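K.L.:
My questions all concern the structure below.
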Amino acid sequence: MESRGPLATSRLLLLLLLLLLRHTRQGWALRPVLPTQSAHDPPAVHLSNGPGQEPIAVMTFDLTKITKTSSSFEVRTWDPEGVIFYGDTNPKDDWFMLGLRDGRPEIQLHNHWAQLTVGAGPRLDDGRWHQVEVKMEGDSVLLEVDGEEVLRLRQVSGPLTSKRHPIMRIALGGLLFPASNLRLPLVPALDGCLRRDSWLDKQAEISASAPTSLRSCDVESNPGIFLPPGTQAEFNLRDIPQPHAEPWAFSLDLGLKQAAGSGHLLALGTPENPSWLSLHLQDQKVVLSSGSGPGLDLPLVLGLPLQLKLSMSRVVLSQGSKMKALALPPLGLAPLLNLWAKPQGRLFLGALPGEDSSTSFCLNGLWAQGQRLDVDQALNRSHEIWTHSCPQSPGNGTDASH
């Protein structure tokens, strides 16, 4: 075996160091590696309680007993928007919110000293664990991410012990007032996980509710949209991109990553007649049907976009190089056009109302007229839907609860 002298070894180490520094400058930023979850740590909690602004847990603190004025936690998410935590002594004139918008931390603050909304720091919606700390120092609020100070707000607060209302509430994953009361509204529900959290001064804590999140954070995830069996999202057709007028045309695209079971994938209809036009999964085939007439099918191929194109005379189902067309009878055109004319016209994703469906599936996206739809913006959706993540293994997400 060839041996290297001290000089050669030193040169090799110097070369490796220079290469590392070079890649760091080119964007391979060095990040602190957070330790993995220990068996002694409490389990991570999921931050979403479903649609709406309901928090998963609420804690109350006696500010007259506060000696520690900082809170810290680790958060992991693929979701670019939502509330991490909210705090107040009075929801009308003294409140604070830390959330994400476009993947980056955002602080909203309203009190006697300041009213502001400010975003700062790196994107946190990359599916990794990030350490976050919020501190109060005198009249300042500090935000640290992964050990680095990313924001310092001066002259925005007084001492906690001088608050007119000496009881502070902290809510996780939601708000204690309507989302419209925020200075800059956002979608409160955050599809993310939180662990190793420490809130203010434990000695000053008066009460704490048990977390009510619907999902376990033990499952490794990838970005996407996951619908467990029997779940659905419902969009008003007037709230999504509209059909092309001349000639009339409308398209839907599904990026299927995982699929199992049998049942509906999507449908166009009304609450009274939800399946005027539908796609459902059966025997590893995607079946297109219109009303009670004959349908057509394509073999299920995961990873290729599944596209549905509607025109005045036919519906085309395609995936990759395979394509089939379903002719529409002349009498079928009026109900199709009426779906967009009626306020109750709907796009259903997943199980139909009242359907006993065993289908579970993961999408890397859902598009109408080429524009991505956000499940958080659905008219209604099941609480159990994973709005921005999918289990890495198909079987792991079917039991989504703790």
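A Cβ is built for glycine as well, from the same backbone N, Cα and C atoms used for every other residue.
The feature signal peptide is assigned by Swiss-Prot to 1-29. According to Swiss-Prot, the O-linked glycosylation site annotation covers THR36, on the basis of experimental evidence. Feature annotation from Swiss-Prot assigns domain 'Laminin G-like 1' to 45-217; the stated evidence is sequence analysis. Among the features that Swiss-Prot reports, disulfide bond is placed at CYS193-CYS217, CYS362-CYS390. The domain 'Laminin G-like 2' feature in Swiss-Prot is assigned to 224-390. According to Swiss-Prot, the N-linked glycosylation site annotation covers ASN380, ASN396.
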K.L.:
I'd like to know which of the disulfide-bonded residues CYS193, CYS217 has the most other Cβ atoms within 10 Å of its Cβ.
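P.N.:
Of CYS193, CYS217, the one with the most crowded Cβ is CYS193.
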K.L.:
ASN380 (N-linked glycosylation site) has how many other Cβ neighbours within 10 Å of its own Cβ?
P.N.:
13
K.L.:
Just give me the nearest neighbour of CYS217 (disulfide bond) among the recorded positions CYS362, ASN380, CYS390, Cα to Cα.
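P.N.:
Sorting the recorded positions by distance from CYS217 (disulfide bond), the top entry is CYS390.
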K.L.:
Could you round the CA separation between CYS362 (disulfide bond) and CYS193 (disulfide bond) to a whole angstrom and send it over?
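P.N.:
Computed Cα spacing between CYS362 (disulfide bond) and CYS193 (disulfide bond) is 19 Å.
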